[in-house]
Amino acid sequence: MFVINLLLYIVPILLAVAFLTLVERKVLGYMQFRKGPNIVGPYGLLQPIADAVKLFTKEPLRPLTSSVSMFIIAPILALTLALTIWTPLPMPHALIDLNLGLLFILSLSGLSVYSILWSGWASNSKYALIGALRAVAQTISYEVTLAIILLSIMLINGSFTLKNLIITQENMWLIVATWPLAMMWYISTLAETNRAPFDLTEGESELVSGFNVEYAAGPFAMFFLAEYANIMAMNAMTAILFLGSSLNHNLSHLNTLSFMLKTLFLTFMFLWIRASYPRFRYDQLMHLLWKNFLPLTLALCLWFISIPIALSCIPPQI
């Protein structure tokens, strides 16, 4: 029974990720005054399936001087971690309801660094290694702010359980009370998922394709799926943390619908940002975090610690 539940959980995520690639190409197309994919199937709807068939039927090549085991393990690890992150997310019911759901997600997002580092090192290519080192430095740096923001949210919520956030936000979304945190969280998720304008790891003019430059066929598709699964997972997390879930005990199916709509809107914002903003310089990227975000998140964390003490109150879930 658990295997069936797992398949019913993973297959829709993979389908959503596949069609997100089509949505991205369509959105970017219309924003650049062109149509995007429109040949394969009606309105180009079968394009993701054609891409998947093409990638997974090609011969997976690897450089002669590469480290075989790490080269193969890295994309598998990336996709496994990207899909595992979804397990504690309440939609409105999680596959596994964890007491420490927030810590679990933070730990898994930290582990994804290893797949990037291994792929860059195992490829035995200077471009791949530089891209991997950039990605690792960027991901680790922005995880600091993500962790402090999650700590602040946990202090308001009174629990590490994600499901309790739904109850906390029954009357008011947390984005209203904590909008500076929400803003910094959203920008940090852009950097965490290596998306524009923070896609320094894939600077085409200098690094070709970044850490996955030597990958082709199936392993490359795995990295691609992992990246887009992480994007959707991060936006789902944003929806849970700051936009509640409009809990309605009488019409429970509407909870999932509202959650999906919020996640789709946040994902569309990711695509809009990619079409609108140029790439940051690497020193600007690090300056934004260490000089701007980190002091502000620490100050806000202290603020959220001091409020319950000053008002002699406790968070709602304790």
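Glycine is treated like the rest: Cβ placed from N, Cα and C.
Values in this document were obtained by computation on a predicted structure and should not be read as measured data.
Annotation source Swiss-Prot lists transmembrane segment at 2-22 (among others), citing sequence analysis.
As annotated by Swiss-Prot, transmembrane segment applies to 70-90 (among others), with the evidence given as sequence analysis. Same-chain residues lying 6+ beyond the ends of the transmembrane segment (70-90) with a Cβ under 8 Å from its Cβ atoms: 9-10, 13-14, 62, 96-98, 101, 104-105, 108-109, 111-112, 114-116, 118-119, 121-123, 162-163, 166, 214-215, 218-220, 222-223, 225-227, 229-230, 233, 236-237, 240, 245.
Taken from Swiss-Prot, the feature transmembrane segment applies to 100-120 (among others), supported by sequence analysis.
Residues annotated as transmembrane segment in Swiss-Prot, with sequence analysis given as evidence: 136-156 (among others).
Feature annotation from Swiss-Prot assigns transmembrane segment to 172-192 (among others); the stated evidence is sequence analysis.
Distant neighbours of the transmembrane segment (223-243): 13-14, 16-18, 20-21, 75, 78-79, 81-83, 85-86, 89-91, 105, 109, 112, 115, 119, 150, 153, 162, 165-166, 169, 173-175, 178, 181-182, 185-186, 189, 192-195, 212, 215, 259, 262-263, 266-267, 270; these residues of the same chain sit at least 6 beyond its ends, with a Cβ under 8 Å from one of its Cβ atoms. Summarising the annotation, Swiss-Prot assigns transmembrane segment to 223-243 (among others) and lists sequence analysis as the type of evidence.
According to Swiss-Prot, the feature transmembrane segment maps to 253-273 (among others), an assignment based on sequence analysis.
Per Swiss-Prot, the feature transmembrane segment maps to 294-314 (among others).
Among residues of the same chain six or more beyond the transmembrane segment (2-22), those with a C-beta under 8 A of the stretch's C-beta atoms are 37, 44-45, 47-49, 51-52, 83, 86-87, 95, 224-225, 228-229, 231-232, 267.
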